[in-house]
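Here it is, the structure, as structure tokens.
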Amino acid sequence: MHALEPRDEMVWQLVSDPDRHVRFCANAGLDICNWLVDVESEGEFCTACRHNRLVPNTDTQDGIDRWRRIGQAQRHLFYSLLRWKLPHPDRGQDPQGGLVFDFLEDSLQGNGNVVPAMTGHEEGLITIRAAEADDATREQARSSMNEPYRTLLGHFRHEAGHFIWNKLVRDQNGLDDFRAVFGDERQDYAAALQRHYAGGAPVGWQDNFISAYAASHPWEDFAECFAHYLHIVDTLETARAFGIAIDPRGHEEIAGEVDFLPYRAKSAEQLVSAWVPLSIAINAIQRSMGQPDSYPFVLSSPVVAKLEYLHRLIQAAVTQ
């Protein structure tokens, strides 16, 4: 976050660095985005918004409100990508596999039936169903799919996990290490998803997977674990920024404090050791307010091992 002073009608300067001149992202006009662009940049959009291809309809206030909520979640994702300096080329830099977003509206058939847009990923193209920016629509989807957790930010982090798999695993000759942890991704993906939606997760999936969906296919397992790794790291950083420590009376075994930089953690074990006490406390506070758990998941030993794989993968990319 930067404090700004106006330099002229369009250009601002940073209070902390007066020699750095910036302008607001072109999407600031509708209060969609509050990120900045260096004046030397040829583009009019910020680091996050320049990846957008299709955006919600801005002819209505509902469409604008949706885009605002979608944009907020998208910037949370990009904060993490930028903190780690993870690859995020756009389609100009990587025409075949660069990162690009389509925020899709539902379609209306001639008989009046609504066909929901699909959220997904294919070779760098991430599609997000714009309607899920509406709390009621997203909650209906969560309930119908029997999911314990469903958020816009979760969608962004999960789908970005597929993109990161392409860039850091497939394109870096990392398949053997990946398969040793997650299994063989060459099994039929479409058939695996069909089995999942028809019959659900296998009995006992909780012993080895972070979610029922993660049990459907190694690609989904990786994407789910990537999303949870970001959930954990980013929330721990927020807790550290506010000086939050957990010291429950009579339960010293679940005391915890974030006394390290989460984005530079030594291991997944260090992250999990701080996360478990914090998530227990957050869930308890949520229940006191009559709200569902913020983190309704269990980190089994196999899941922690997968998070450790992700930790090593990300930290190796950071140091390149």
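Even glycines carry a Cβ here, placed using N, Cα and C.
Sharing the record's features from TrEMBL:
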type: DOMAIN; residues: 1-58; note: domain 'Zinc-ribbon'
For the domain 'Zinc-ribbon' (1-58), jot down how many residues DSSP puts in helix, in strand and in coil.
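In the domain 'Zinc-ribbon' (1-58), the DSSP-based counts are 8 helix, 16 strand, 34 coil.
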Limited to the domain 'Zinc-ribbon' (1-58), I'd like the whole-number average of pLDDT.
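Across the residues of the domain 'Zinc-ribbon' (1-58) the model's pLDDT averages 86 on the 0 to 100 scale.
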